[in-house]
């Protein structure tokens, strides 16, 4: 047909979503709210339309950042702080996004539109939101153009990759007692509200001083780092914990599969030639490419990091990541091999190699001979990444909707004659 081969499309009919949510906040606090919220949406509204509405709100929040702080300069750089209401709007917008993202599946079951297309679309929107919120949250924390923002991007994308990698190998989307989609988002919402109330400068306060623990024995021996850096350390610890729990879940699923003689559905669909741990390397490689490019011409004097090209660079990185995990999710719902390589990395790899030619071959870069040329290269990379991801999304949606006979943004299905009708009508006619 288009992007997805015929033999992969045939597996879509065997796909069934499986999830495990251990979050106490989700189960006992938010889920009752979500169950009420979904009833406010008419049955004529498609679940993917709800998801896209939430992402559109995030796009609006990002647009306010570009309007009030187009250069991504924080107060310590001598730039005036955006209006406080902007941070509050980010908090409200992110909470609304979380709520709409949570009820799209409920709406799908209400309308009879549940299926692999919904999971593909939901995860795609989540992947885009991950980078956008990382940029917004780093601005609210006063990190701005810094390696801390880059570290935040790496940790955030790594958590998303881990969850997708875990779901691919186990067939289950796990949400632990503390997960990014629930507690992680609520923490960022709180950060936005605190910044709105006190300004980004509040995160420059020292953690033990703020908690009045700087004179407490043992604690006083620990580094009294700023609150924003402490939040980064907390994120690193959380990432380490998620790596361990994800690996345990994958290891358990692999052992159960082998114990059953490799004849269960999971093994039949995911008979990868690579050990599960080895399939974490694609993320490591893609991240290394981005960091290598950012380090030009020197790690502490990056032309991209300390220029207006930083946000476009982060967006290009995020789009390439969305393409990467999108192919992973597609492999999951179609029961095919894990996508080890993604050709969209080639352009960033070219940028990284060109930027590091002085270290690699002892000669000057071919393209990035000045900050202006580097900026042009970054913007071209952003354009290529956007077009590549847009093409992927469009082709995949078209292939799945045509094959399964289920619309993406309307509550319609194909009847036995292949005519599109609203859900319910195809049974009556």
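Residue numbers in this text run from 1 along the chain shown.
From the backbone N, Cα and C atoms, a Cβ is placed for every residue, glycine too.
Among residues of the same chain six or more beyond the transmembrane segment (49-68), those with a C-beta under 8 A of the stretch's C-beta atoms are 41, 82-83, 86, 89-90, 93-94, 96-101, 103-104, 107, 121-122, 125, 128-129, 132-133, 135-136, 139, 311, 409-410. Annotation source TrEMBL lists transmembrane segment at 49-68 (among others).
Outside the transmembrane segment (172-194), and at least 6 residues removed from its termini, the chain residues within Cβ reach (under 8 Å) are 17-26, 30, 87-88, 90-91, 94-95, 98, 101, 126, 133, 136-137, 140-141, 156, 159-160, 163, 166, 202, 231, 238, 242, 245-246, 249, 253. The feature transmembrane segment is assigned by TrEMBL to 172-194 (among others).
The feature transmembrane segment is assigned by TrEMBL to 230-250 (among others).
What TrEMBL records for 277-296 (among others) is transmembrane segment. Panel annotation: around the transmembrane segment (277-296), residues 150, 154, 157-158, 161-162, 165, 247, 302-305, 313, 317, 320-321, 324, 338-342, 345, 348-349, 351-352, 355-356, 365, 368, 374 of the same chain, lying at least six beyond its termini, place a Cβ under 8 Å from a Cβ of the stretch.
TrEMBL lists 302-322 (among others) with the feature transmembrane segment.
The transmembrane segment annotation in TrEMBL covers 329-350 (among others).
Here TrEMBL flags 376-397 (among others) as transmembrane segment.
Within the chain carrying the transmembrane segment (302-322), a Cβ under 8 angstroms from the stretch's Cβ atoms is held by residues 66, 70-72, 124, 127-128, 130-132, 134-135, 145-147, 149-150, 153, 157, 160-161, 286, 290, 293-296, 342, 344-345, 348, 368, 371, 374-375, 378-379, 381-382, 385-386, 388-389, all 6 or more beyond its ends. Sequence-distant contacts of the transmembrane segment (329-350) (same chain, six or more residues past either end, CB-CB distance under 8 Å): 4, 8-9, 11-12, 14-15, 116, 119-120, 123-124, 164, 167-168, 171, 268-270, 272-274, 279, 282, 285-286, 289-290, 293, 316-317, 320, 323, 380-381, 384-385, 388-389, 396.
For the transmembrane segment (230-250), same-chain residues at least 6 beyond its ends with a Cβ under 8 Å from one of its own Cβ atoms are 141, 148, 151-152, 155-156, 158-159, 162-163, 165-166, 169-170, 172, 174, 176, 178, 184, 191, 203, 207, 276-277.
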